[in-house]
Amino acid sequence: MLRALLSRLGSLTVVIAGVSLITYGLIYLTPGDPAHTILHERRGSSPSESEVAMFRAEHGLDEPFVIQYIEWLTGIFRGDLGTSYASSEPVTTLLLQYLPNTVELALAAMAVSLALSIPVGVVSAVHRDTWIDRTSQFAALLGISMPNFWLGYLLILLFALHLGLTPTSGSGTLAHLLLPAITLGTGLAAIVTRIVRTSMLEVLEEEYVDTARSKGVSERLVVYKHALRNALIPVVTIVGLQFGFVLNGAVVVEVVFQRPGLGTLLVDAVFARDYPIVQGVVLVTAVAFVITNQLVDLAYVALDPRIERGEHA
Amino acid sequence: MWRSLDAVREWLSERTRSQFAWSLRTTPGVRFGGTVVCLLAVVAVFGPLVSPYDPTAQVLEARFEGPSLAHPLGTDALGRDVATRIVHGARVSLALAVAATAVRVVIGTTIGLLAGYVGGLVDTALMRLVDIQLAFPGLVLALVIAGVLGPSLRNVMIALSVVGWASYARVVRGNVLEVKDRPFVEAARLYGTPQRRIARRHLLPNVVNPVVVLATMNLGTIVLTAAGLSFLGLGAQPPTPEWGTMIAGGRDYLRSAPWIVTAPGIAIMATVIGFNVLGDGLRDVLDPDHLGERERGRS
């Protein structure tokens with residue numbers, strides 16, 4: 001067990017190191033010299049040699065790539081991700097400022113999706129191949145296939161503009177959170193509904209469910225106590241693995257609802273070529289994503305004793 | 001003797017092939033999804049030839065016209081026919097999705113074959129690379145790559161090509177590991193068949209099915225992601241008719257002219273539904289053990 005854990009930790013370190021290298025290296029995809037391009041785009045005209053040199057010196061871009069990368073990397077361990085090109089604010093400060101809003105949105109969306117998907121998935125499985133099942137399966141297909149930014153505007157149109165029930169944009173109150181959470185939660189709910197349904201169907205065919213039935217346990221109790229509990233094990237891991245889906249979606253949804261968060265921070269920084277911010281957001285999301293996936297894997301092992309504790313392919 | 005055996009083999013494969021074609025045609029998902037996708041392809045290819053309007057020319061006296069006989073889906077803020085722009089947009093979206101998927105398939109399959117067949121250190125190194133690629137949330141990485149390269153349709157295509165290949169590498173590697181020690185591969189090896197030929201003739205055919213299923217699903221995901229990136233302003237630039245860009249262009253007129261936003265969204269959704277249903281159906285026929293299942297939705 002310990003050895004498996006250590007080897008896992010080892011490969012995790014390699015992955016995170018690779019992630020940081022790619023994240024830092026991304027800015028060198030800039031057409032031409034980054035300093036020159038940034039200054040040019042900022043002012044709309046070509047900068048002079050000395051201006052470019054000054055910008056490079058100011059932001060450490062005059063060093064060789066390896067030195068720049070190592071300096072950035074060692075900075076991370078001191079909680080320093082550099083400073084924004086535009087506002088000179090430390091990237092760490094900006095991240096800490098915007099992160100809570102995104103976490104709030106992500107958690108609310110997960111809550112919405114579970115509240116929708118578990119009941120719908122269970123009912124769908126229990127009434128397999130009836131119109132109820134078919135309707136909910138079709139709804140799930142719609143949910144998966146719908147662009148979330150579009151759904152966001154439909155919800156704004158209906159609830160904010162026509163009914164006047166919620167604000168169209170911004171953040172701060174529960175009313176501000178409602179539409180973004182539904183927008184982001186719907187896609188997730190669609191995925192999870194399918195998993196709940198499949199998982200439930202499998203469990204309902206297990207022997208212990210038959211045993212419970214033959215012992216005269218009421219059908220309601222069989223479904224909700226015996227079956228549902230076991231059916232939820234794979235659901236936990238799928239929900240965890242959808243963390244990346246939530247992060248992806250949050251970017252777009254935050255833009256639609258003009259919510260300050262990591263997504264809007266990232267998009268604005270990408271357009272402004274404010275690379276320290278871009279690198280900071282990408283690094284934080286990727287590392288968070290990797291670590292969640294690892295935790296989910298561990299949770300899966302802990303939740304289900306039937307799974308071998310070995311390395312999976 | 002050999003000749004006759006070959007004939008038997010041919011007859012058998014002919015038989016399974018027709019059986020296979022039959023099961024393809026009768027699977028509801030394949031029928032429905034396939035029909036939607038074919039219709040879309042027809043619209044994308046011939047639609048622009050049929051429409052009487054120019055997708056980019058501004059007609060200022062025809063701004064914000066609601067749906068009518070002349071403009072079935074209304075006109076936008078610059079008086080352009082929404083339906084015409086959607087039809088042209090189908091070209092953009094489908095071409096981009098097909099191109100990006102093709103690149104993903106080629107990169108992913110090559111890496112998966114190498115990792116699975118060569119094994120050892122090569123395998124470890126390549127699989128770490130796969131892990132690193134999967135460590136980034138797909139849209140976030142694609143957004144940054146496209147943004148740094150500079151907003152354009154071409155750069156979105158590049159970004160979406162280099163981002164999603166890891167799933168293919170995993171599926172292909174898994175399949176190769178499963179078959180590479182089977183007797184028929186062993187026999188080929190003992191017989192002195194060159195490695196490349198073994199890879200092409202014996203390993204590749206065994207990975208085609210899960211890859212086809214994954215690619216079909218992927219087409220839908222890419223249409224969604226590309227529309228999202230264009231919506232954010234990173235992809236197709238105005239006045240190019242692209243579905244995501246159209247939604248971004250109509251958001252300020254949501255109350256007065258909702259059709260500018262709703263119509264392209266329905267086009268995106270219909271396309272993605274087509275690919276998803278087709279992919280589900282193909283999986284039932286081609287990949288009944290759901291080998292590609294783990295990788296769905298990862299990119």
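Glycine too: its Cβ is placed from the backbone N, Cα and C atoms.
Keep in mind that TrEMBL annotations are predicted by a computer and have not been checked by a curator.
Taken from TrEMBL, the feature domain 'ABC transmembrane type-1' covers B:90-279.
Long-range neighbours of the transmembrane segment (B:32-50) within the same chain, counting only residues 6 or more positions beyond its ends whose Cβ lies under 8 Å from a Cβ of the stretch, are 84, 87-88, 90-91, 94-95, 270-271, 273-281. What TrEMBL lists as transmembrane segment is B:32-50 (among others).
Residues annotated as transmembrane segment in TrEMBL: B:94-117 (among others). Counting only same-chain residues 6+ beyond the ends of the transmembrane segment (B:94-117), those with a CB under 8 A from a CB of the stretch are 40-41, 44, 123, 126-127, 129-130, 153, 156-157, 160-162, 164-177, 180, 195, 198-199, 203-204, 207, 211, 215, 218-219, 222-223, 226, 271.
Residues or ranges marked as transmembrane segment by TrEMBL: B:129-149 (among others).
Per TrEMBL, the feature transmembrane segment maps to B:155-172 (among others).
Look at TrEMBL and you will find B:207-236 (among others) tagged as transmembrane segment.
Outside the transmembrane segment (B:256-278), and at least 6 residues removed from its termini, the chain residues within Cβ reach (under 8 Å) are 29-30, 32-34, 36-37, 40, 64, 66-67, 73-74, 76-77, 82-83, 85-86, 89-90, 93-94, 216-217, 219-221, 223-224, 227, 243-244, 246-247, 249-250. Positions annotated as transmembrane segment by TrEMBL: B:256-278 (among others).
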